[in-house]
Structure formats: structure tokens, C-alpha cells
Amino acid sequence: MTSQGPLYIGFDLSTQQLKGLVVNSELKVVHVSKFDFDADSHGFSIKKGVLTNEAEHEVFAPVALWLQALDGVLDGLRKQGLDFSRVKGISGAGQQHGSVYWGENAESLLKSLDSSKSLEEQLSGAFSHPFSPNWQDASTQKECDEFDAFLGGPEQLAEATGSKAHHRFTGPQILRMQRKYPEVYRKTARISLVSSFLASLLLGYIAPMDISDVCGMNLWDIKKGAYNEKLLGLCAGPFGAEDLKRKLGDVPEDGGLRLGKINRYFVERYGFSSNCEILPSTGDNPATILALPLRPSDAMVSLGTSTTFLMSTPSYKPDPATHFFNHPTTPGLYMFMLCYKNGGLAREHVRDAINEKSGSGASQSWESFDKIMLETPPMGQKTESGPMKMGLFFPRPEIVPNVRSGQWRFTYDPASDTLTETEDGWNKPSDEARAIVESQMLSLRLRSRGLTQSPGDGLPPQPRRVYLVGGGSKNKAIAKVAGEILGGSDGVYKLDVGDNACALGAAYKAVWAIERKPGQTFEDLIGQRWREEEFIEKIADGYQKGVFEKYGKAVEGFERMEQQVLKQEAARK
């Protein structure tokens, strides 16, 4: 590469910071600039990037903060010596579901920016509402209940929009805004998602929403490829569905569409080329699957404090417990997502109990946990026909399935299909080392059932690869059990892109959009250039004949166990 080759920027506008990451055509990172909202901003009384109103469970961010941040990140890149004139394309990733409310004067302000002044100075008056609801906001229970009931139940809402109603989703948030602040809503000319807000600043006029991020609203009918008219009507109330449709704008199907050239402001202030193209910005989760690139039927498991499971799949099989989005770049594929509240904490509870029993007390070492887990046979079965031990371990209330915090232990006999809630035969805490990891992985396998294909060679349907990210991905014993349960004909891999996944995915999206040949998919172009040895390491085998099938039987018992616990909990209320 000559040092004059094209460059591309991927932005990541998250809850606590804005990051700008620059790559070249070969996907090599050449610059990264960050603006930490708490540390680097001035004039906002935020904490961890947000403001809260606990009385109403509201969590929101001042939109002007993000204006300050964009100038801050670009200043940072300038100080690092970035030659802005080489930047050919820009895309971004935004925290999902958040909404920005533009006033009637927004487009005229965006078009007439003076490059000698900051964005914040000139655009603070461009918004009909100064705040954007954050994904942590929980103020919309009433609205969620209405959304869930409106098409006949949460199943029907998930079938249409990919998800049941959630507090953070944009539709319920707009409904609450329209009722609580009708005058603000009336004066709102356009509504952006956080991702399309970012693209709008760069373009100089309101950018359309992205085909994947629009699926996080409970308003977009995924199969029909259009807004659901009934849900728009519910959301808009007395203002009418047509008015809301105008506020939201059209949604282009091509995730790599060239929306337009960069706003003159950035050409004059930073030295961008006037030919720099702005591409659709997507949501943070869709951007994450672009950082790999994740191929159809590959699975990505984030083993952090909570557990997140992401998969690219050609199958659309929505369920109230899961999320489906359009794939951000590839028509015919969907992004499947599962979010759990319990993850690392539940595993640490068992680890600590084991260390305490063995006398290593306050140690945070995983050595004893790992040793015991690997010595325990799958499902704790002492013999081939013996009972399987399984349980649910939730230190905090769970959403998948929707139950209170607690622990439940069962034995399951696959031969007679009998399930018994009992602690008999459980050697606590030792048996729980394997049981906690199995419980978490069996839930993933249960809910991704039917989304995978056979990788060939007569193998049963399973992911081609399982990628692990987050703190838990460092643990090879957990990776081994994950592979035994989830499969992975090609193995289990640790993925390490630091905390840059969203920004990388956005930057790769820009490279693909500008450099693709006609009809060339993202997976093809990026797959050819991605140097996997820099980012991934194989840490465990995946599919093991016999063991994978045994866990297939365990999934049946696991599903019954969840249903029984849900029934018991419903009876308690």
C-alpha cells in the first residue's frame, strides 16, 4: 500500500464514548481517536454518559453532548496527523433503539454550518427535544403492554417486527413521548435513530435509517420490508400514522448505499475531500457481526457480566424470547440475537463457593472450578443410562426465561423422559461447576435450534464456527464445554478485537460499500481481506460425535425444566 491509498472511518457512538477508527483498504487500523463523555466533555452533569430520573425510571443523554464529541474525535484524529483528504467513505455504529427528535429548522441549520464554529454552538437549537432515551431506560412498561397486545400478543408482535415489546425499543419510547410531550411531538419534523443521527451530521441533511437498525423499533415489518401501518397508528395516536411515517422517513434496502457526499462544514474545518461518501450507519450489535466477518451459521457468544449470543442466519424464526434484525449488509440473511442478564456473575458464584470449600477462600482463581468441571462427565451422568443433572442458576432476575432470581436443581432421565425437581444426588458446589456452564450453553442451543444447517459430511445441523468474546473467552475449559454443547464443525475460537468491534464493523462496512464490485457481498469482499490470524485463536474443538448428540437429548429435558419452573412461578404470584 502506498501511504496515499484510500482510508475509511468507522464511528461508534456508544453510551459512554464516541470512537473514530480509521482503516485502509487492507483493513489495517491506522488511527483511533476516542472522546470519553464523562472525562472529556464540559457543561453536562452526566454520569457514565447519561442523566437519570429515577422517579420515572428514565435514562437519557443530552444530544448536544454528542455534537461536542464529534468535533472532539475529529480534532483528535487531526492531532494524530490523519490526512482527511484520503478518506473515501464513512460509516458508523450507534447504540441501538435511542431516538433523536429534530425540530423544523434542523435541515436549514445543518446545511448552513459555519466551519469556524463548533457543531454544538450551531446545532443545539436543531432539536425539538434536547434528550435521547438510552437503552437502559425502563419508563415504558405501559406502552410495552399496549404494543404486546396490539397485534394479538407478544408472539404476533415478534412475528411481525422480530421482537416482542421492550422498554428500550423506539416504538414504545415514541408512544410515551407523543403522550407526555404532545407539543414537542407536534413540533418534531423528523425522528432519527442514534445511528442515522450520526450520518445526518456528516451529510448535512437528515439521513435515512439503516435497514438493520430500523428493526430495533417494534415498528418495522421485517417480512414485508415496510413499516407496519397498524403499529404506526398505535404509536402516533391522534397525530396519525402518515405524519409519523413522514417523521421517520424512507428506509433504503442497500446497507452500502452511497447516501451522499460529506457536509461542506467538514471539508472546510478538517480538510476532507468534497467527494468523501457517507454510508448508512447501523446499530452497535449489527456492526459487531461485521467486525468478524460472521458468516451464515457462525455463532458469536459474548461471555461478559451478561451473556449475548449473535448469529447470522438465512432462517427467520422469531420468538418473544429472542431478537431478529435484518442483516446490515446482506439481503436474505438475518441477525439473530439473544440477551441474558445472568452470565459471568452466576459462574463466579459457583467458582467462589468451590474455592471457599477447598480453603482457597477469597481467591478469584478459576483453577479448581476448571479442574472439577472437566472431571465431571457431561450432564453429571455417572453411567450412560444414569440421570442427567441440570439446573437454572440466576443470581439476578432473568429475561430468558422471564423468572425471578433463584436456583432450581433437577434430574432428568432421557430414557423414560422423567423430570424431577430434587437436590438428591447433587454434590454441591462441585457438581455445579459443570452444571452452570451447561445450563447457559443449553439455553443457547435450545433457542438457536432450527437456525443452523448441516456443515456437510453428514454432520448434524450446528454452527460452522463458535466465536467467544468477553472475559469468559479467556477460559479454555469453558470453551471446551461450549464446543461440546453448541458444536462448531470448524472449532471454537477466541476473538480479540479489544473494545473496537463496533467501530471496526462500521469501518469495514465503509470499505465494502465503496470498493465492492457489482453484486459482491460483504462476506466475500471482507472475507478475502480479513487477516484472521491477527484477531482469532482456536482454543477448543467444537463438534464431538456422541457428546453433541447426548446434549441434544439434554436440550429436551432442559426445555421441559424451564417450562416447569415458569409454571411454578406463575402459580406463586
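Glycine residues also receive a Cβ, built from the backbone N, Cα and C atoms like all the rest.
As written in Swiss-Prot, here are the features:
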BINDING   His97, Arg168, Asp284, Asn285  substrate binding site
BINDING   Trp366, Gly471, Gly472, Asn475  ATP binding site
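Listed in chain order, the residues near the ATP site other than Trp366, Gly471, Gly472, Asn475 are Leu303, Gly344, Arg347, Ser473, Lys474, Ile478, each with its Cβ within 8 Å of the site Cβ centroid. Set side by side, the binding-site residues Gly471, Gly472 differ in how many other CB atoms lie within 10 angstroms of their CB, and the most is found at Gly472. The substrate site is set by His97, Arg168, Asp284, Asn285; from the centre of their CB atoms, other residues of the chain with a CB within 8 Å are Gln95, Gln96, Gly98, Trp135, Gly216, Gly283.
The DSSP secondary structure for Asn285 (substrate binding site) is helix.
Not a single one of the binding-site residues Arg168, Asp284, Asn285 has a C-alpha within 10 angstroms of the C-alpha of Gly471 (ATP binding site). Packing around His97 (substrate binding site) is summarised by its Cβ count: 25 other Cβ atoms lie within 10 angstroms of its Cβ, all protein chains included.
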